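A.B. asks: OK, TrEMBL features for this one:
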DOMAIN    6-304  domain 'Plant heme peroxidase family profile'
DISULFID  Cys16-Cys95  disulfide bond
SITE      Arg43  site 'Transition state stabilizer'
ACT_SITE  His47  active site, proton acceptor
BINDING   Asp48, Val51, Gly53, Asp55, Ser57, Glu69  Ca(2+) 1 binding site
DISULFID  Cys49-Cys54  disulfide bond
DISULFID  Cys101-Cys301  disulfide bond
BINDING   Pro144  substrate binding site
BINDING   His174  heme b binding site
BINDING   Thr175, Asp226, Asp234  Ca(2+) 2 binding site
DISULFID  Cys181-Cys213  disulfide bond
Amino acid sequence: FCECGGLTNNFYSTSCPNAEKIVKKIISKHVANDATLPAKLLRMHFHDCFVRGCDGSVLIDSTAKHKAEKEAVPNLSLGGFEVIEEIKTQLEKTCPGIVSCADVLALAARDSVSFKFNKPMWEVETGRRDGIVSRESDALNELPSPASDFKTLKQSFADKGLSVKDLVVLSGAHTIGVGKCIVFSNRLYNFTGKGDTDTSLNTTYAATLRSKCRSLSDQTTTVEMDPTSSLDFDNHYFTALKLRQGLFQSDAALLTNDVARGVVDQMLTSGKFYTQFGKSMKKMGAIGVLTGDEGKIRKKCNIV
């Protein structure tokens, strides 16, 4: 028995025995055609779990009268919803009303990252049920900002039952994906309000970033979060961090605390990173889950 909020391995083994195979097959097809998908689904899973727990609430569409989590600024750049919907549609044909959207998202995030390794990179326990509430305001309040300092990040993760070690290790997800200039350009052009650059940024790296993000107000340009390999899930993020090449203030913040810095050093060994990332993802995937007769199983992931 695991302490994971009532989640178990192979929850669908009798009710929908092919559930996990179906997820994996559709994910593999899409990742083979789109190498940016793992970063998108990993981020979506994180944004789901940090708001009302891992309950699939990030997938719900807004209505005329109500703004859902999707409308919150940090979620406007999420992608991959159509892949989750495709999986859910197939699952509803195979075993109607059985597999939750929350579990689909947790499995899809794992399978997309695992695709190039040809083996599951972490264990996903299942049995989550879907939430029926999705509010823009919750996402604005709960999601950690890329401009956060260490104290804020530590508290934000502690509120979800995650340690400083989990914070550092999960930040390693920034080894894949891109960030919008608008999110960090104050570090390049106006860090303390005096038209200055953040001195914690490597100067060569800052110059490179300025060549891509041409102004403070660039809303469209994106930059790789890991300067050399933003499509490869590896531990290079930590190497870059030590070279003061963390893209966001929240990345650089990990070097401002002794405990966190110690974890960064441990993660320079790739085997340690993969093992610990798996453990921290398992913890994250169990945040505030609905199980048993809580919540519901949504027929479509974007509609309550």
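Every residue number used here counts from 1 along the chain in the order it is shown.
The backbone N, Cα and C atoms fix where each Cβ goes, and this holds for glycine too.
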A.B. asks: Can you give me the Cα-Cα distance between Glu69 (Ca(2+) 1 binding site) and His47 (active site, proton acceptor) in Å, rounded to a whole number?
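C.D. replies: Here the two Cα atoms are 9 Å apart.
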A.B. asks: Within 10 Å of the residue listed as 'active site, proton acceptor' (Cα-Cα), which of the recorded positions Cys16, Gly53, Cys213, Asp226, Asp234?
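C.D. replies: Hits: Gly53.
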A.B. asks: Among Arg43, Gly53, Cys54, Ser57, these being the recorded positions, pick the one whose CA is nearest to that of Asp226 (Ca(2+) 2 binding site).
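C.D. replies: Given the candidates Arg43, Gly53, Cys54, Ser57, the nearest one is Arg43.
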A.B. asks: Going by a 10 angstroms cut-off between Cβ atoms, which of the recorded positions Val51, Cys54, Cys95, Cys213, Cys301 has the sparsest surroundings?
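C.D. replies: Counting other Cβ atoms within 10 Å of each of the recorded positions Val51, Cys54, Cys95, Cys213, Cys301, the minimum falls on Cys95.
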A.B. asks: Quick one, of the binding-site residues Asp226, Asp234, which Cβ has the fewest other Cβ within 10 Å?
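C.D. replies: Least crowded of the binding-site residues Asp226, Asp234, by Cβ count within 10 Å, is Asp234.
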A.B. asks: Which chain neighbours of the Ca(2+) 2 site, leaving out Thr175, Asp226, Asp234, have a Cβ atom within 8 Å of the mean position of the site's Cβ atoms?
C.D. replies: Gly172, His174, Ile176, Ser229, Ser230, Asp232, Phe233, Asn235, His236, Tyr237, Ala240
A.B. asks: For each of the disulfide-bonded residues (Cys16, Cys101, Cys181), count the other CB atoms lying within 10 A of its CB, then report the residue with the highest count.
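C.D. replies: Top count of Cβ atoms within 10 Å goes to Cys101.
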A.B. asks: Spatial neighbours of His174 (heme b binding site) among the recorded positions Arg43, Gly53, Ser57, Cys301, defined as Cα within 10 A: which are they?
C.D. replies: Arg43
A.B. asks: To the nearest whole angstrom, what is the C-alpha distance linking Pro144 (substrate binding site) and Cys213 (disulfide bond)?
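C.D. replies: Between the Cα atoms of Pro144 (substrate binding site) and Cys213 (disulfide bond), the distance comes to 23 Å.
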A.B. asks: Between 0 and 100, where does the mean pLDDT of the domain 'Plant heme peroxidase family profile' (6-304) sit?
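C.D. replies: Within the domain 'Plant heme peroxidase family profile' (6-304), the model's average pLDDT equals 97.
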A.B. asks: Rounded to an integer, what is the Cα-Cα distance in Å between Cys49 (disulfide bond) and Cys16 (disulfide bond)?
C.D. replies: 24
A.B. asks: How many whole Å apart are the CA atoms of Asp48 (Ca(2+) 1 binding site) and Cys54 (disulfide bond)?
C.D. replies: 5
A.B. asks: Under 8 Å between C-beta atoms and at least six apart in sequence, can you list the same-chain neighbours of Thr175 (Ca(2+) 2 binding site), or say none if there are none?
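C.D. replies: Set apart from Thr175 (Ca(2+) 2 binding site) by at least 6 residues yet with Cβ under 8 Å, we have Met225, Asp226, Ser229, Ser230, Asp232, Phe233, Asp234, Asn235, His236, Tyr237.
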A.B. asks: Can you check which residues sit near Arg43 (site 'Transition state stabilizer'), meaning Cβ under 8 Å from its Cβ, same chain, 6 or more apart in sequence, and list them in order?
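C.D. replies: Same-chain residues close to Arg43 (site 'Transition state stabilizer') (Cβ under 8 Å, separated by 6 or more) are Leu78, Ala173, Gly177.
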